[in-house]
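Working notes for the structure below.
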Amino acid sequence: MADSRDPASDQMKQWKEQRAPQKPDVLTTGGGNPIGDKLNIMTAGPRGPLLVQDVVFTDEMAHFDRERIPERVVHAKGAGAFGYFEVTHDITRYSKAKVFEHIGKRTPIAVRFSTVAGESGSADTVRDPRGFAVKFYTEDGNWDLVGNNTPIFFIRDAMLFPSFIHSQKRNPQTHLKDPDMVWDFWSLCPESLHQVTFLFSDRGIPDGHRHMNGYGSHTFKLVNANGEAVYCKFHYKTDQGIKNLPVEEAGRLAQEDPDYGLRDLFNAIASGNYPSWTFYIQVMTFKEAETFPFNPFDLTKVWPHKDYPLIPVGKLVLNRNPANYFAEVEQMAFDPSNMPPGIEPSPDKMLQGRLFAYPDTHRHRLGPNYLQIPVNCPYRARVANYQRDGPMCMHDNQGGAPNYYPNSFSAPEQQGSALEHHSQCSADVKRFNSANEDNVTQVRTFYTKVLNEEERKRLCENIANHLKDAQLFIQRKAVKNFTDVHPDYGARVQALLDQYNSQKPKNAIHTYVQAGSHIAAKGKANL
């Protein structure tokens, strides 16, 4: 019944009711000129041609032609919300960041949840990691914690990131999702085993956005007021409890309600059922990092909680839906290099790569002045620098202040207290190969100790159901990697693949050639 619809379905009705006492606004052009007729174009006679002087039409159509901005190359499908972060435990011994200044302090936040590989209109219930990015609007500028719903990732070296994403996207010729591409990359990069195993476990399809954890994933550095530093990892655990979707239910929702996660989040907040997450850190001293049994900056591994327990810090609460999706979610831009004093990057190779990649793609997608867009603006800090001009400069461009540094005219000065913590690095400069670092020990622990028997069974079924569509030689490479983790892991997946492979094969298209250039060259030669 229409009377029992959810808040998302009734958005238009509620908007009208909120404006009930007001008269409708006067319809205008983009330039603010009142419009007398919005239904009929201006023509020379009832059957004549359109007149170029019909600026009502040209203003509308020209803007419509430019409505779309470039889609995010990853994390294109997403949902956003706003709220606050509240400190519940003192960690000033670790960090001088103002966001952690005292117990009870609240900092405004913006959060975006997303899938990774799908396009903007893709389903929310696919098996894919979820982005879980948090923007803290602090007095020292924005802090963007650009995380996922998994504590690990597929790769540990940023050089592989473009190829990894290409393998998860569409085939360059068929424009279809291609299991050959997906599993060829994963099987050739065994460092992906930890994340692949997590992805095909029950947690690979969260029940919406409210029932999953978030992780900063990378290793970061915290610096206190005395200049003392430690390494840390960030965790945010859902207070709603972990809930995942069975494969069949996820498939049904993908067809019947592909925006399931977006709808669930909007309706929960609109109904006053504000989702929250408890925020924790793990801490490791520099001395501990030197003797750690593996690289503490390796994004494919976790820090054991028994050795580095979770330290409670605060709570994330989401209590406001976006007023306009495009303005506040599609234009939202997260940048891992946005770190206020007290929070710094570690040598994590993936984090180091993201420090460049994220602001670079935002400048492409939103323009060089994307930080002036209201949702991205560090509105609780006063931005004062020597950056000027550029497309879509929306403020006063810092008026008549000098645009060079140093200068003698009382323009912005550097602040010594904001200097980064000193770091020590190896003097050896080369491309260090990390591909053969231990890729199986933590995966074995996850498989044998974290998952129970039923969960292991579903894991192997999920993998085989996806891997079966790849070519046999790729299947064999993948199974070898699973066997390296644990013989039972590989044997179960292989047994299921044998069942699939014994059935009549489906028609498959495998087109990995560079024929186009050869054909073109041959054609030119025959001219």
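Including glycine, each Cβ sits where the backbone N, Cα and C put it.
Residues or ranges marked as compositional bias 'Basic and acidic residues' by Swiss-Prot: 1-22. According to Swiss-Prot, the N-acetylalanine annotation covers A2. Residues or ranges marked as phosphoserine in Swiss-Prot: S9, S417, S517 (among others). Residues or ranges marked as N6-succinyllysine in Swiss-Prot: K13, K306, K449, K480, K522 (among others). Per Swiss-Prot, active site is recorded for H75, N148, and the stated evidence type is sequence analysis. Look at Swiss-Prot and you will find H194, S201, R203, N213, K237, W303, H305, K306 tagged as NADP(+) binding site, backed by similarity to another entry. What Swiss-Prot records for K233, K306, K449 (among others) is N6-acetyllysine. The feature heme binding site is assigned by Swiss-Prot to Y358, with similarity to another entry given as support. Residues or ranges marked as motif 'Microbody targeting signal' in Swiss-Prot (evidence: similarity to another entry): 524-527.
Taking Cβ-Cβ distances under 8 Å and a sequence gap of 6 or more within the same chain, the neighbours of the residue listed as 'heme binding site' are V146, A333, F334, D335, P336, S337. If you measure from the Cα atom of K306 (NADP(+) binding site) to that of K449 (N6-acetyllysine), you get 14 Å. It is 11 Å from the Cα atom of K233 (N6-acetyllysine) to that of H305 (NADP(+) binding site).
Just so you know, of the recorded positions H75, K237, K306, the Cβ with the fewest other Cβ atoms around it within 10 Å is the one at K306. The CA atom of K480 (N6-succinyllysine) is located 15 Å away from the CA atom of H194 (NADP(+) binding site). In this structure the alpha carbons, written CA, of W303 (NADP(+) binding site) and K449 (N6-acetyllysine) are 16 Å apart.
Among the recorded positions listed here, namely S9, K13, H75, S417, K449, K449 has its C-alpha nearest to that of R203 (NADP(+) binding site). Note: the CA-CA distance between H194 (NADP(+) binding site) and K449 (N6-acetyllysine) rounds to 14 Å. Comparing H305 (NADP(+) binding site) with S9 (phosphoserine), their Cα atoms are 43 Å apart once rounded.
Look at R203 (NADP(+) binding site): DSSP puts it in a helix. Relative to N213 (NADP(+) binding site), the recorded positions with Cα atoms inside 10 Å are N148, the candidates having been S9, H75, N148, S417, K449. On the backbone, the CA of H75 (active site) and the CA of S201 (NADP(+) binding site) stand 21 Å apart.
Secondary structure at K449 (N6-acetyllysine), taken from DSSP and collapsed to helix, strand or coil, is helix. Sequence-distant contacts of K449 (N6-acetyllysine), defined by Cβ-Cβ distance under 8 angstroms and a gap of at least six in the same chain, do not exist. The average pLDDT computed for the motif 'Microbody targeting signal' (524-527) is 44. Rounded to the nearest whole angstrom, the C-alpha distance between S201 (NADP(+) binding site) and N148 (active site) is 16.
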